[in-house]
Structure formats: C-alpha cells, structure tokens
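Asks: Quick one: structure below, then a few questions.
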Amino acid sequence: MNNKAKIFTELVEKNQGIIHKVCRIYTDEKDSHEDLFQEIVLQLWRSYDSFKGDSKFSTWMYRVSLNTAITLIRKKTKSNETDFNEAQFINLKSEDKDEFLEERITLLYAAIRLLNDVERALVLLFLEDLPYKDIAETLGISEVNARVKMNRVKIKLKEIMSKMEQ
C-alpha cells in the first residue's frame, strides 16, 4: 500500500464514526446502511486529492459524506425506491427505562429522517457536539444562520415527535 493510501485508510478508520452517523441518519435498514457506507468511502477516496487541509479532515469528511448521502437519497427518491417505513421505527412497548430511552432514540431518528436534507445534516452535526462555527463551515453558511436554522429544526422535531407519539 502506498503512503497516500495508508494515510487515507488511517484517517478514515479514525473518523469512521462520522460515516456511520451519516448512514444512520439517512438510511433505515442494515443493507442500505452498508451500501451507503461503501459509497461514502469510495467518494472520499475519489475526492481525497481535493482535500487541501484548509479545514480539519473531519470537517471535510462530513461535507463529502453528507453530499454523497444526499445525492444517493435523491436518486433513490426519484426512482421511487424509498425504503423508509415509519412503522419499523416505532415500538411503543416499553417495560423499563432502558427500553423507554431506546424507544425515544428510535423515535428521534425516525423524526430526523422526515426532515429535509439540509435539516438532517444540521442535526447530525449538532448531535456530534460540534461548535456552531464548525457546523457553519461544514454546511457553507454563516454561524448566525446555523444557530437560527438549528433552533427552527429543534421546534420542528418536537412537533414531529409529538405527532408520532399520538
């Protein structure tokens, strides 16, 4: 393996959690998750020469991962192959706190999938505890705009989850 490939592999392995989070936000089935993961890694490799180091590798990786996921989801939606089934995510049988927490997390991910592409990306970065400055840089918007959009998305998610719980 040449040095470039070795460095790339190490960076992807170190930051693979980013890819998994993007996959979880944009897919609902294990097979779809694995397919998207592979597509993202392939696109990261194809785009690796464009990484100039002006931002952190993880920021660049988020941007490529999100763009790849959004592109693939849009292609699927256009061809009417959407694999979202809300019933797969909502299991209202909870006997203890762990089950209740797991149910809430599942409900949250189902609600996130109902957001538009930009809103999903924003939530993903927010859940990663990135500062608004980094979120803004990744999405190519101002920091103030990132804050405003996130507040609107929080309200929207609360409304969606409230409707799903009824």
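Just so you know, glycine gets a Cβ as well, placed from its N, Cα and C.
OK, TrEMBL features for this one:
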DOMAIN    11-77  domain 'RNA polymerase sigma-70 region 2'
DOMAIN    107-157  domain 'RNA polymerase sigma factor 70 region 4 type 2'
Asks: Looking only at the domain 'RNA polymerase sigma-70 region 2' (11-77), report the model's average pLDDT.
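Replies: Mean pLDDT for the domain 'RNA polymerase sigma-70 region 2' (11-77): 86.
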Asks: How do the residues of the domain 'RNA polymerase sigma-70 region 2' (11-77) split into helix, strand and coil according to DSSP?
Replies: 57 helix, 0 strand, 10 coil
